[in-house]
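So the structure is just underneath, and the comments pick up after that.
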Amino acid sequence: MASDDRPLALTLGDPSGIGPEIALAAWRLRGERGVPPFQLIGDPEFLEATAYRLGLSVPVAEVEPDDAVEVFARALPVLPLPSGAKVSATPGAPDSANAGAIVESITAAVDLVRSGAASAVVTNPIAKFVLTRVGFAHPGHTEFLAALAAREGREPPLPVMMLWSELLAVVPVTIHVALRRVPDLLTQELVERTARIVHADLRARFGLEAPRLVLSGLNPHAGESGTMGTEDRDVLAPAVAALRAEGIDIRGPLPADTLFHERARATYDVALAPTHDQALIPIKTLAFDEGVNVTLGLPFVRTSPDHGTAFDIAGKGVAKPDSLIAALRLAQRLAQRPANNVTPFPVRA
């Protein structure tokens, strides 16, 4: 299959969360919202039951990978889990009995992309505690995908999480760690490696010839010359200097409290921030329903909706599919970009 003809591989996510219902909703809106063809990897009977319970007139078809695009016009294509495992879940009641199916769906999606049967991976939300209860060894989705991407006997690539929207794109340098651990983890090497990956993928995947990056400070006022913490002066500033010496357009460290207003956003393409919440709070404020999680540094395209499992509203029929639809559309654009040479990035000011 040509790249433009291949479907996206959508994972099951946690079946007790909103993933299954937003997948059904995305399929229903395929014409109205320009949703590209995708196949969901899971249990067809479970998806049928979910549609029935929610009162959604969504036909579900069990498919082989080669059939997904043709079927997508008339039914939601569901590729059974390779093991044939069945899924049973109660909305809002996460169950570690489904951990195996959740992990198998992710692994199968990566296998489809690596074999050429799918163009990109789009992941539905998972709950880490459901998986860690049964011995899952990875901090989250992103790190597990990096492990799957590693070639036999080689170190996994450094995965970089970018949250993308039409208004703002951000990268947290440290991800799912306690805030008190950040100063020890925030090394000059980590900042430089992260920025290099962002720069390289913005050029290769997003089509930006000269990406403009900024780096937020860690401390108030970016440390104010060391009077409010030394990390900005001793770690972040040397990293920026080293990156600029390599020809990467990056500024910082800059005070975080003035980095995300409209005029500031017009001066850069991506903002890197030392901590998870420094990066995610502004994008979720600006684009809560439209943000997309994009993993950079992998040998394949992976996107995800920028929200969690939402167990509190699962099964109530109120979950919005907007972020999933944005993730599906961006994944297709990134997978096709080398062929159509159209950048998925917002028009720069």
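Each residue, glycine too, has its Cβ placed from N, Cα and C.
Quick look at what Swiss-Prot lists:
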- H141, T142, K284, N293, R302: substrate binding site (BINDING)
- H176, H221, H276: divalent metal cation binding site (BINDING)
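Features as recorded by Swiss-Prot, highlighted on the structure.
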residue	record	DSSP (3 states)
H141	substrate binding site	helix
H176	divalent metal cation binding site	coil
H221	divalent metal cation binding site	helix
H276	divalent metal cation binding site	helix
K284	substrate binding site	helix
N293	substrate binding site	strand
R302	substrate binding site	strand
Per-residue Cβ crowding (10 Å cut-off), top of binding-site residues H141, H176, H221, H276: H141
Cβ-based isolation winner (fewest other Cβ atoms within 10 Å) among the binding-site residues T142, N293: T142
Binding-site residues compared (K284, R302) - the one with the fewest other Cβ atoms within 10 Å: K284
Distance, H276 (divalent metal cation binding site) to N293 (substrate binding site) (CA atoms, angstrom): 13
K284 (substrate binding site) versus H176 (divalent metal cation binding site) - Cα distance in angstrom: 17
Whole-number Å value of the largest CA-CA distance among H141, T142, K284, N293, R302, listed as substrate-binding: 19
